[in-house]
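Lifted from TrEMBL, the feature list:
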TRANSMEM  B:6-25  transmembrane segment
TRANSMEM  B:37-58  transmembrane segment
TRANSMEM  B:64-84  transmembrane segment
TRANSMEM  B:96-115  transmembrane segment
TRANSMEM  B:135-161  transmembrane segment
TRANSMEM  B:192-211  transmembrane segment
TRANSMEM  B:217-236  transmembrane segment
TRANSMEM  B:243-260  transmembrane segment
TRANSMEM  B:272-289  transmembrane segment
Amino acid sequence: MKSVKSILAGATLALGLGGAAYAEDPLKVGFVYVGPIGDFGWSYEHDQGRLAVVEHFGDAVETSYVESVPEGADAERVLTQMALSGHDLIFTTSFGYMDPTINVAAKFPDVKFEHATGYKNADNVSTYSARFYEGRAVLGTIAGHMTETNQVGYIASFPIPEVIRGINSAYIHAQKVNPDVEFKIVWVYTWFDPAKEADAATALIEQGVDVIMQHTDSPAAMTIAEERGIMAFGQASDMAQFGPTARLSSIIDDWAPYYIARTQAVIDGTWESTSTWDGIKEGMVEIGEFSDRVPAEVQAEAQAISDSIVSGEYHAFTGPLNKQDGSVWLAEGETADDGTLAGMDFYVEGVEGDIPN
Amino acid sequence: MDLSSFDPVVLITTMMIAATPILLAALGELVAEKAGVLNLGVEGMMIFGAICGFMIAVNTGSPFLGFVAAAVGGAVLSLLFGLLTQYLLSNQVATGLALTLFGLGLSALLGQSYAGIKPPSTEKLDLPVLSDLPVVGPILFSHDLMVYFAIALVAGVWAVLKYTRAGLILRAVGENHDAAHALGYKVVRIRLLAIMFGGACAGLGGAYLSLVRVPQWTEGMTAGAGWIALAIVVFASWKPWRVLLGAWLFGGVTFLQLYLQAAGVSIPVEYLSMSPYVITIVVLVIMSADKNKAAMNAPASLGKQFHATH
């Protein structure tokens, strides 16, 4: 499918070039997605951001996208093709595109690249990500209150800092309100595979889990939670329609303002290589509406955490916190610095199991 | 190792469900390959079956009609492949790959307004007494009907290929199409039927994903299941019962590793995640140890074009 789309994109571009000689050259913005835009999760929200760019700039920009691009060598091919076909700005929207982005960017110094959730920058490569862990703090609080079996299931994708941060933040806040809570973590090693995500949810439910959190892209786990009568949270997108009863709240990614701002920067000629890491305050992370199923006092508590993160009074990683092995990480009142968070490779005390290498 | 939270009954029942989509798809591909046709479009036919089944099941409220529609949809899509490869003599590998791309794209288009809808639930077998038996009940007597259908289909395909005249003809076409043609058999017609059977099975497998296993429609939801089905046919050395074994083994190990993780068994996750693939490779090595036997099983005319010159 993706090759067909690329060919189509190429064809449209060729047509576009023909017309460009007469009209003012529109800025070409490309997007590379790890899943299909219809995943109703991660890639879906990035594409909503792309559509916002289209709406905001109208004819001044021309966007194209390639979906379901595997992380790794194939990404490099897709990126090269995009750069060759005259794109001025390319957003690569998955962690695994980090090295391909850096490699291709080195070959095309005039093309601006923006890589999501990574940590490698170059003169023409910016990085951007959202502080999803802030959202996890809010959801973790709800999970801690809502679980009756004290077992929270967590479907994790790949053992990268972003996912580990999410697990830690959710655990810390669930444990704060419910000292008996335990997290059962399943690594599925994929961002998008509905059948596997559903199987992971089933495996967790069989182990007595009654609340599921996920860091994968499809709403499969939400569907299983609905079917089995347990609770879950929307991830990346609201996912309400997949679990009308099961869904407690959600983390929604809103990339639109960032995409518009960056596109504007290229048009104005003010684009610079930056590292953006925005959270609830800036609106890049949104907390979905709380379900009626969540008691009012829990809603209030969750809202209070969200509010205090926004106001800057509270940081999701505030000491005293120990690492899993019991060594001190953060002293009383100390908060984590971004450097440690960006490279987080350890569980906090209380989380069971080992992080795969 | 703490095995207190380990429940083999859950494991076996879920494994049977997890294996059903690839079992159906692999079985269909086996029949097509036995007739000498290599159709790499399994993934495309599966996803097309998944959306056809989903659309019809949602609109009629009947999962049964959904499965029928999935089979028809898969067969129609495979007919496209059949016409291209059998009448226009296009390359089977390239056409199969194109079919996969086409199926993925077409299903994404058709499914646009079907995201977030819950399909009607498929009935499960509920026999008095039998379904309530401990251990045996959940494993043997409480699945949805498609699980039994898939197993029955394995038995059916095996019996037809081995004991009937139709099976013999099908195999003859796959082994040596010129000889079969010389004997007066309609090679192209037989192959078209085999291709359509393969398409129907793949469609059913896809619909099982969208109607039972994940109950939802998501673009690209087969996520490579069709390729696994193709591998299982080779793994099974074109024998129906081994297809069942292969599907259960792959489906079983895939679920087992997730289950062990959830149960907190202290085996490193890396090993668990790679286990389905490692076990598949090990079994392939063991089975191909006897070189002559393994090679003999592949239909001799597999993937070759047939053009009647007289």
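Cβ atoms are placed via backbone N, Cα and C, with glycine included.
If one looks beyond the transmembrane segment (B:37-58) by at least 6 residues along the same chain, the residues whose Cβ comes under 8 Å of a Cβ in the stretch are 21, 25, 28-29, 65-74, 77-78, 81, 85, 92-93, 95-104, 106-107, 110-111, 114, 117, 119-120, 174, 191, 194-195, 198-199, 202-207, 209-211, 217, 220-222, 224-227, 229-230, 302-303. Counted over residue pairs 6 or more apart, the CB atoms of the transmembrane segment (B:272-289) and the transmembrane segment (B:64-84) come under 8 Å in fewer than three pairs, which marks the two as apart. A contact between the transmembrane segment (B:217-236) and the transmembrane segment (B:135-161) is absent, since fewer than 3 of their C-beta pairs, 6 or more residues apart, lie under 8 Å.
Taking every listed stretch (B:6-25, B:64-84, B:96-115, B:135-161, B:192-211) in turn, the largest tally of C-beta pairs under 8 A with the transmembrane segment (B:243-260) is reached by B:6-25. Stretch with the most C-beta contacts under 8 angstroms to the transmembrane segment (B:192-211), considering only B:6-25, B:64-84, B:135-161: B:64-84. Outside the transmembrane segment (B:96-115), and at least 6 residues removed from its termini, the chain residues within Cβ reach (under 8 Å) are 38-48, 50-52, 54-55, 58, 77-78, 80-81, 216-220, 226. Listed as Cβ neighbours of the transmembrane segment (B:135-161) (distance under 8 Å, sequence separation of 6 or more from its ends, same chain) are residues 9-10, 12-13, 16-17, 20, 23-24, 27, 30-31, 34, 67, 122-127, 167, 170-171, 201, 204, 208, 212, 239-241, 243-244.
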